[in-house]
Amino acid sequence: MKFGKEFSSQMVPEWHEAYMDYDYLKSQLKEIIKFKRKTNPHGPHHHHHHLLHRKMTLHRAFSGLISTSPKKKKHHGHGGGHGGGHQIGHFSDSDDDIEEGIKHVTAPILINSASHGYETTFLMASEEGGEYETVFFRRLDDEFNKVEKFYKEKVEEVMKEAVMLEKQMDALIAFRVKVEHPDGWPWEERTVEMTQLASDVANSAAAVAASTPAGARSMKVGAQAHMEAIQEGGSSKAGKSSDEEDDDDAEKEEDNGVSGEVSGDVRKMKAGRPPPIEVLDRVKFNHTKETPRSTIKSVLQASNLTELKFSRENLRKVEAKLRRAFVEFYQKLRLLKSYSFLNELAFSKILKKYDKITSRHASKSYMKMIDNSYLGSSDEVTRLVERVEATFIKHFSNANRSKGMNILRPKAKRERHRITFSTGFLGGCLFSLVVALFAIIRTRNILQEEGQKQYMNTMFPLYSLFGFVVLHILMYAGNIYYWRRYRVNYSFIFGFKHGTELGYRQVLFVGLSIGVFALLCILANLDMEVDPETKDYQALTELLPLFLLTGMFVVLVLPFNIFYRSSRFFFLTCLFHCLAAPLYKVTLPDFLVGDQLTSQVQALRSIQFYICHYGWGDYKHRINTCTESDAYNAFLFIVAVIPYVSRLLQCLRRLFEEKNPEQGYNGLKYFLTIVAVCLRTTYSVDEDNQFIWRILAGIFSAIAAIFCTYWDLVYDWGLLNRTSKNPWLRDKLLVPQKKVYFIAMILNILLRFAWLQTVLDFNFSFMHRQTMVAVVASLEIIRRGIWNFFRLENEHLNNVGKYRAFKTVPLPFNYDEDDDKGN
């Protein structure tokens, strides 16, 4: 794999724009190549010269594996940073060149540090084609300054978060001791232990403010010495030296004229640190879990903070929250380390390409500047990683390093060959069963039998439920495949725990399994019905779909850790939040599940038919009076509007919390849909006034469909932007083929108006009415599958625009800030 593709594949998707634009810099190098080819038609000869030079270097005498290192050359000072205009260096490659037997070559660039970033001066701009190389270094500087600025901002953010975690750890240790030793405990033995994390955070925060390369290097040396002095559970002497080092860091910052906001907060916190037991007097429980009770409290404007209750149950909850916070924080640190490493590697690669193309020796000079910059020399993130690991292992994994590291660094989920094989096998079985079903219907002439209409009115709605479920699962599997292909971070958007998200193969496995079992039941039903020997067992024949539905429900709610338990519980949680919409804070997974339910209205009506057919009908003889029951017809309205009412309540909740008028318009969309669904249902039930209901249903359905289509394209997908650089689309597109978006918009419009069948009564002589209903419902599911892809693509691009790559993790304790300031 070429480096460019590997570089893109290793990026944090939400930070894509903050990385070095490798492809753009390559295009600048291609401009240099084009110019050289125009002005130097004997370019191949130049290439052979390099090959000859390469062969000559291979024929040099071997210098040995164990040799005395040459005397180090004293380099020029590289001091200076963003605070002033200093010359970073005019380096040369003399050391390496002498070793390789190459004549001394002076570097063609001069790098300066200004207040707004690093600037490179190309010293050979007067040469032919020098303007192209000048532009290249100008763009290179822009990319590096962008990368370093972003990295510095993110490091400052994690340092602030480290301060908060340190406070939480103080409270946790105090709370733990209070629970385990209610009669008192010698705190003096733990004072140093509790301040170690704060000491490192203070030193690291001070290093963030040191923007000069020289300052960063000096702090790096001090940090290494400090890390050697600190041991987990060290002596009071070690703690004292930590405080003294913090004071030294503060003096360095004052001398440099740099105000370290984060480190200042840490020093102030540590200077006014009360005795550890007094920490508990300043904190309360922060109830961040959304419940109906907390919702009612927020409406009544009551505080969600409660006094501390020292029990082992509360201790377990606090530890669980802090454990999750540390894991999330650790992932941030790892991504920051990866960001720094990948960008340094990318700059090294692009500079080597430049040297190869131009036969100059600029890479070493520029890379030395990078190594001495904040991006290359700061080690704050590395030190925090070490401290977080030590803290987590000691306090959250009982000093078991392997256990703690397995939690902090969960292993990547391996694709199992048996899943791939099973999915392919089930796909083949499904295809074979479909062929067998059509063959049985054809050979036994079932469509012309006397009970064909009765079968379609009773058994077909029962089995069509499984078809709707399987189709929706297959569409979701397709969504996952294309989300991964176009690097949509769906697991982050949905909030899946790392390692628990299902891949498209697992989802296909689930869908195909349900499809195979459903087809087996259908074939068994038809076979037993036709076979004279089993025709008498009417109860068993008719109960097959009920058995399958019951089995699916049991597997869905099974509490054991089998059949993808985390995914099943995630779905059930979102489903419950949809049913209790106004009482729970609306999250993206919750309203996405609600949107899926709006496309499964016919499946919900099939479940209603199950209850009526097996509860009050004579299922043995396929006789029921469901359509003649007033209660059943009333529930046709209720069941059909439940998903839309749920989404309407979610929109109202968000309107109340966020004060965003868009949520009000979104709620109006669902209200119009509720009216249209009720009118269409009334039209299909009330045969006495069908003409009036038909007109009303057509008018409101048209209004709702137009409103919903506009909302889909403009707000959910972010398309139809006339001023975009991609006309009528949006500025950022993940799918390179623009025609895909136009095709999707056309399909969404056509499939959105599939309701016309229910109003205009399209009938085909070869298709039963129940078959037509199933086809229309399937088209809506397909439309929803298409909608899902572009909806999450737009959400992902919104995260990219805000560089939002992490979830906010709620913390268990809430500090009284007034007390903090008072102390």
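Each Cβ is built from the backbone N, Cα and C atoms, and glycine gets one as well.
Keep in mind that this is a model prediction, so the values were computed, not measured.
Look at Swiss-Prot and you will find 70-79 tagged as compositional bias 'Basic residues'.
The annotation compositional bias 'Acidic residues' is assigned in Swiss-Prot to 243-256.
What Swiss-Prot lists as domain 'SPX' is 1-368.
Annotation source Swiss-Prot lists domain 'EXS' at 627-823.
What Swiss-Prot records for 69-94 (among others) is region 'Disordered'.
According to Swiss-Prot, the region 'Disordered' annotation covers 230-273 (among others).
Tertiary neighbourhood of the topological domain 'Extracellular' (442-459): same-chain residues 525-526, 530, 542, 545, 613, 622, 624, 768, 770-771, selected by CB-CB distance under 8 Å and a gap of 6+ residues from either end. Per Swiss-Prot, topological domain 'Extracellular' is recorded for 442-459 (among others), and the stated evidence type is sequence analysis.
Note on the topological domain 'Extracellular' (527-542): its mean pLDDT in the predicted model is 68. Under the heading topological domain 'Extracellular', Swiss-Prot lists 527-542 (among others).
Residues 486-488, 745, 787, 790-791, 793-794, 796-797, 800-801 of the same chain sit 6 or more residues outside the topological domain 'Extracellular' (716-739) yet have a Cβ under 8 Å from a Cβ within it. The topological domain 'Extracellular' annotation in Swiss-Prot covers 716-739 (among others), and the record cites sequence analysis as its basis.
Sequence-distant contacts of the transmembrane segment (421-441) (same chain, at least 6 residues past either end, Cβ-Cβ under 8 Å): 447, 505, 508-509, 512-513, 515-516, 519-520, 522-523, 526-527. For 421-441 (among others), the entry in Swiss-Prot reads transmembrane segment.
Remote same-chain partners of the transmembrane segment (460-480), defined as residues 6 or more beyond its termini with a Cβ less than 8 Å from a stretch Cβ, comprise 490, 502-505, 507-508, 510-512, 514-515, 518, 521-522, 545-546, 548-549, 552, 596, 599-600, 602-603, 606-607, 609-610, 613, 768, 770-771, 774, 777-778, 781-782, 784-785, 788-789, 792. Summarising the annotation, Swiss-Prot assigns transmembrane segment to 460-480 (among others).
Among the features that Swiss-Prot reports, transmembrane segment is placed at 506-526 (among others), with the record citing sequence analysis.
The transmembrane segment annotation in Swiss-Prot covers 543-563 (among others).
Tertiary neighbourhood of the transmembrane segment (695-715): same-chain residues 662, 665-666, 668-669, 672-673, 675-676, 679-680, 682-683, 745, 748-749, 752-753, 755, 758-760, 787, selected by CB-CB distance under 8 Å and a gap of 6+ residues from either end. Among the features that Swiss-Prot reports, transmembrane segment is placed at 695-715 (among others), with the record citing sequence analysis.
Taken from Swiss-Prot, the feature transmembrane segment covers 740-760 (among others).
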Sort out the residues at least 6 away from either end of the transmembrane segment (740-760), same chain, that have Cβ-Cβ distances under 8 Å to it, and list them.
676, 680, 683-684, 694, 697-698, 701, 705, 708-709, 712-713, 717, 719-720, 728-729, 733, 772, 776, 779-780, 782-783, 786-787, 790
Can you tell me which parts of the same chain pack against the transmembrane segment (506-526), counting only residues 6+ beyond its ends and a CB-CB cutoff under 8 A?
419, 422-423, 426-427, 429-430, 433-434, 436-437, 440-441, 444, 446, 459, 463, 466-467, 469-470, 473-474, 476-477, 480, 541-542, 544-545, 547-548, 551-552, 564
Of the residues in the topological domain 'Extracellular' (716-739), how many are helix, strand and coil by DSSP?
2 helix, 2 strand, 20 coil
